């Protein structure tokens, strides 16, 4: 009885919420054995056929490659890809790949040579002799990834499991309609699958190993039981057929009764799951030394005349496989990669087969049915009842349609496995899975942008911290360099400061003169006497001819005679019109001073200028000026009462006459006598004389003022002295 209860507990299974039972449509392809497909003339191998970054290229255009040769290097999650056959690399360029939008990805294009030669293979038949790390590295470098549809690198998955794994589950459910790749593989290669399971169990060392398979695969179940007849470490669990029981979280719950938490992974509860196709690839990589270069693909649908499962080389164009299966396309023919619920329609047939390709479905028009028009949601909750992940698809639909990313995330849209059960039962024909895929892609893009922004912020903060550290270090160096100078340096600095202060004190010391004493002006007097002696020496250096008293000058004699006559006439007129006045001593003194000044000036001019010959032109001009002045004086004397002689005016007129005479002498000495110029100058002189006569007749004459006469005399003396000094400077 105890053994019966133990056996019951051992084979116990659980159930999950939701799920559907669509038509299976598996009998079209699971009845024929696996077969090989002829090599395609050209292969397109995308560098990224897994979850993660693409590997680093290790081949170039023109290289000859063999089957199994690595085309890229794999580090971390970068999984390498290998050549599916021998041939020549003709291009490395972007090419459309297995994607709903047929996005272009970098690919290696190889022209097959038809020889299909392998690289040298080295298998580990005794894999137990190798360490766990060596086995994981070999699995990774041989390009093994999850072949159930996710494409996660198997080596990374095994490495991440570590010692936490207590249960290893082999997924053999294959629940989606039409797909029979795993079913046929278990029928034909059960022993190799079990050997691969043993390798995985050797790496992980779990407490139990479970194989979950649906009850709609009787031939596969019988083959596995035959292989596992003597095995006590591996349990085969047959579960009811229900879609999507092949999901990782759903199968985990069925076999263990444990639920994976929201946002978590199966490894969080000590469970690791692998596909039967992955177990077979592990066996070939470890034991046979063959990288993954091919996989089983189901070719099915009413548009295919020879449905079945084939060994398809990775990189083979879809068109080549369908043509080998007898593809008969209709006018509006569609081809689906994957199953009818979780697959996607290919935009064209030139895309290559990759590691996650498990089925190519080519249905007829009647098989798929007429397309249904999308209607509004009626809130019937049928989608929520069918959801195996316990989500609310109708709420996620509204959040996705309204771009409410935060609410969609809060309602666990990331836990959606995109099984399509909600869309299958929707009476409004709403393609819910398409909305959910788009929403998850947008959320991932937002998170990626936030991650980049956070990384940029971290780099900026690190840079600011580095700059602050450098600044602090720089200030510390400056402070350490600013030490006190040595004692001898301080002595030198103090001496220099003392000298500067002494000089400043001497410069600012005031001059003190004692009371009752006279200042010492001997230096100033000596300087003045030196200047006088220098001036006398310069005068003595002139030729004796310059200092000789010139003889009589007819020109000056004529001018003086004219002035004398004019003064005589003016005095006669004043004497005849006015009574005699007593002699004024002040006027006499002024006139005497004026006469002395004129005499000194004439002597200086005579001593500084050489005697020149008489110029008839200048003589005529001077005579005309003298006559004009005489007429002016006569008119003033005849029209106005006689006035006393004004010394100021006389001095000014005499100075003007002397200036004109000097100017005319200079001009006469530099130019030859020209009769025309002489006539012009005489005319100008007569015009000036007439103008002066007119002005004299129109302006009144003011009586003479003794004070003004004295001032005028003083001004005349100053002007005479200034003229004499200027003459000396000019001569020097």
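The backbone N, Cα and C atoms fix where each Cβ goes, glycine too.
Matching 359, 416, 419, 426 to the [4Fe-4S] cluster 1 binding residues that Swiss-Prot gives (377, 380, 383) identifies 426. Secondary structure at residue 383 ([4Fe-4S] cluster 1 binding site), as computed by DSSP, is helix. Each of the binding-site residues 377, 380, 383, 426 was ranked by the number of other C-beta atoms within 10 Å, and first place falls to 383. According to its DSSP assignment, residue 377 ([4Fe-4S] cluster 1 binding site) is coil. Each residue in 378, 379, 381, 382, 393, 394, 397, 422, 425, 427, 428, 430, 432 lies on the same chain as 377, 380, 383, 426 and has a C-beta within 8 Å of the C-beta centroid of that [4Fe-4S] cluster 1 site, without being one of the site residues.
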